[in-house]
Amino acid sequence: MAECGASGSGSSGDSLDKSITLPPDEIFRNLENAKRFAIDIGGSLTKLAYYSTVQHKVAKVRSFDHSGKDTEREHEPPYEISVQEEITARLHFIKFENTYIEACLDFIKDHLVNTETKVIQATGGGAYKFKDLIEEKLRLKVDKEDVMTCLIKGCNFVLKNIPHEAFVYQKDSDPEFRFQTNHPHIFPYLLVNIGSGVSIVKVETEDRFEWVGGSSIGGGTFWGLGALLTKTKKFDELLHLASRGQHSNVDMLVRDVYGGAHQTLGLSGNLIASSFGKSATADQEFSKEDMAKSLLHMISNDIGQLACLHARLHSLDRVYFGGFFIRGHPVTMRTITYSINFFSKGEVQALFLRHEGYLGAIGAFLKGAEQDNPNQYSWGENYAGSSGLMSASPELGPAQRARSGTFDLLEMDRLERPLVDLPLLLDPPSYVPDTVDLTDDALARKYWLTCFEEALDGVVKRAVASQPDSVDAAERAEKFRQKYWNKLQTLRQQPFAYGTLTVRSLLDTREHCLNEFNFPDPYSKVKQRENGVALRCFPGVVRSLDALGWEERQLALVKGLLAGNVFDWGAKAVSAVLESDPYFGFEEAKRKLQERPWLVDSYSEWLQRLKGPPHKCALIFADNSGIDIILGVFPFVRELLLRGTEVILACNSGPALNDVTHSESLIVAERIAGMDPVVHSALQEERLLLVQTGSSSPCLDLSRLDKGLAALVRERGADLVVIEGMGRAVHTNYHAALRCESLKLAVIKNAWLAERLGGRLFSVIFKYEVPAE
């Protein structure tokens, strides 16, 4: 757990006692609300899973009741804000050494008060060994589940629900982890589980899989033979020896057999011709390190060739590896990857999983929860409560390898609605939301991590100011600061800890940490005030636009969209202006914009397209509240409606920064409809539809959108997608390829990013794209 790591706890008995006496929300979070349990007990590690309800605060908005009033007061806010308690579902997964199982069971027993179940699902070899202990301590009946079924269910679950779950290991890259984007169709695949032996399973669907092969030569062989050869009894110590060894001192290589003639055979002289081949004739003693390395290569090559043969036999090109033998150790992933690449000639991909250690526990939980049908929901990793993929490299010293202390944690929140791909993606399997991978780009990574760290004071200040009546707001805000700061330091050292590191993941982690400490919407009052001001300006803006000629109006509408996008409290350059100059408004923002030609300027092509037939239906992803949505987006929407184009306006399901939420957009649209007959009739006739995206992020992942939105896009035949804002159109989706026309527009409000793109602060991106025929 992160807190144990931060306080210097290790794996000694003393540190366990210290950990176990921490409050339950430090390790077994929300344990008092746990409803269902599952456990996976292996040879050395226990993985506990439980489902709990989580009570947290949410900001709700609703229109004022104006019944009985002749007129609304001029400066009355457009809606009222209330903070309410909401209950959501969360899955918790905890991994710890078997040494601590009894102490952990005692801790659970002492804090378990609301469980609804009388049964705990158990899998793994230890389910038999510890059955009586579990039943005695928890007073729950142990139902043993099939190990392989649990592994498959767990694997399917993480592949579907956790972006960047799978990765390839590349020895010579920096970093070594290359994460894969979520594939919408995960089947079929081969799962190779390397425990004591090896099991190879072909997985064809959610419920159809078969054991197709295996081997008695696996992790247990490495451990057993390694112990005989080196007198080292601990598995991790064996790997540590292997990481420092030189196998060519023990193995007979191709060049040792053929000399220089190996080149005529088309073979590398460094290939192993015979594992341990030199030990039969050499007189010298071999080092423990060299023998461990030779043994590791021998077993990994055997497993790799076996996996490759089965993959080819079943025409599969993806092989996922898991089990005790892997456990995130670079030395094992490196040898497995080399073996697969060699024997398949690069045609089969060796893939590893961030959370492979939890697969059995996840699967056992899913088996026990089948009546609740957990697979009908979408789930999301909660970065605030997860310890991430930490390096378990035996090359690291014990202090570095302590990782997050005695416990590793994973938390997943149940999302309100199922998430699916946008139907308009050109090629969903190849879609990558993020424009820059910060794990690859060291310069950008350093800049953005520093940028988010320097912004912490402002975020804390805003969080406290959003709850003036709360006596503990400052204390909670400081806890938020510490937790997010710790996450940033982890990412400096291990940028791959939560998958691919991006600006989006940094923003989302910050939102998760704010929610963790009950700051659900720090900008709610700012948005309320700015929406009120912008609504009062709306009639005048529309009158000015209507007075223009057609061509002049089109440019004015686009400039209005761009000027509205300036009002982004997440941008330091803008928030500084907004805080220092209360009179900075729509016209001032227009004057900030770059003059044409813009940094990216497809406006002429867009104008030419507008001279053609109207689009059938436009899908618009909105960005900020206030001037952006009201004076920028709605006049643009109104013009499309006048052209005969239906509009789907998609806004965030939940709050993030000052981005407009779906519930806020409903009230704003209602108020605008009261002032504008075009919008009023479009809402009445359902030519203007307001929907939620399913997201609570300042960025946009088009592969995880609300299922209802996707259905509406199909039903209405959307043929234009408009994405506005830096988060949605630059940090994400800048390179997204769609099957229809698209507009991506934003004002660059970060000087470093603007310079990197070849522009200056407040440069304009206006990117109109037409798909190839």
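Cβ atoms are placed via backbone N, Cα and C, with glycine included.
Taken from Swiss-Prot, the feature acetyl-CoA binding site applies to Ser196, Ser199, supported by similarity to another entry. Around the Cβ of Ser199 (acetyl-CoA binding site), 19 further Cβ atoms fall within 10 Å across all displayed protein chains.
Under the heading Mn(2+) binding site, Swiss-Prot lists Asp623, Asn624, Asp659. Of all the Cβ atoms in the protein chains shown, 29 others lie within 10 Å of the Cβ of Asp659 (Mn(2+) binding site).
Residues or ranges marked as N-acetylalanine by Swiss-Prot: Ala2.
Taken from Swiss-Prot, the feature 3'-nitrotyrosine covers Tyr320. When secondary structure is read from DSSP and collapsed to three states, Tyr320 (3'-nitrotyrosine) falls in the strand class. Every protein chain shown contributes to the tally, and the Cβ of Tyr320 (3'-nitrotyrosine) ends up with 24 other Cβ atoms within 10 Å.
As annotated by Swiss-Prot, phosphoserine applies to Ser393 (among others).
For Ser404 (among others), the entry in Swiss-Prot reads phosphoserine.
Taken from Swiss-Prot, the feature phosphothreonine applies to Thr406.
Residues or ranges marked as region 'Pantothenate kinase' by Swiss-Prot on the basis of a curator's inference: 2-402.
Annotation source Swiss-Prot lists region '4'-phosphopantetheine phosphatase' at 403-773.
Residues 503-504, 507, 561, 565, 568, 570-571, 620-624, 628, 632-633, 659, 697-700, 744-750, 753 of the same chain, all 6+ positions outside the motif 'Subfamily II EGMGR motif' (724-728), place their C-beta atoms under 8 angstroms from a C-beta of that stretch. What Swiss-Prot lists as motif 'Subfamily II EGMGR motif' is 724-728.
Put simply, of the recorded positions Ser196, Ser199, Tyr320, the one whose Cα is nearest the Cα of Asn624 (Mn(2+) binding site) is Tyr320. Counting every protein chain shown, the number of other Cβ atoms lying within 10 Å of the Cβ of Asp623 (Mn(2+) binding site) is 31. Taking a C-beta cut-off of under 8 angstroms and a sequence separation of 6 or more, Ser196 (acetyl-CoA binding site) has the following same-chain neighbours: Gly43, Gly218, Gly219, Gly220, Phe324. Taking H, G and I as helix, E and B as strand and the rest as coil, DSSP gives the motif 'Subfamily II EGMGR motif' (724-728) the counts 3 helix, 1 strand, 1 coil.
Geometry remark: Asp623 (Mn(2+) binding site) versus Tyr320 (3'-nitrotyrosine), CA distance 38 Å.
Recorded residues Ser199 (acetyl-CoA binding site) and Asp659 (Mn(2+) binding site) have their alpha carbons 49 Å apart, per Cα-Cα distance.
Asp659 (Mn(2+) binding site) is 39 Å away from Tyr320 (3'-nitrotyrosine) when you measure Cα to Cα. Summarising the environment of Asn624 (Mn(2+) binding site), the number of other Cβ atoms within 10 Å of its Cβ, over all protein chains shown, is 29.
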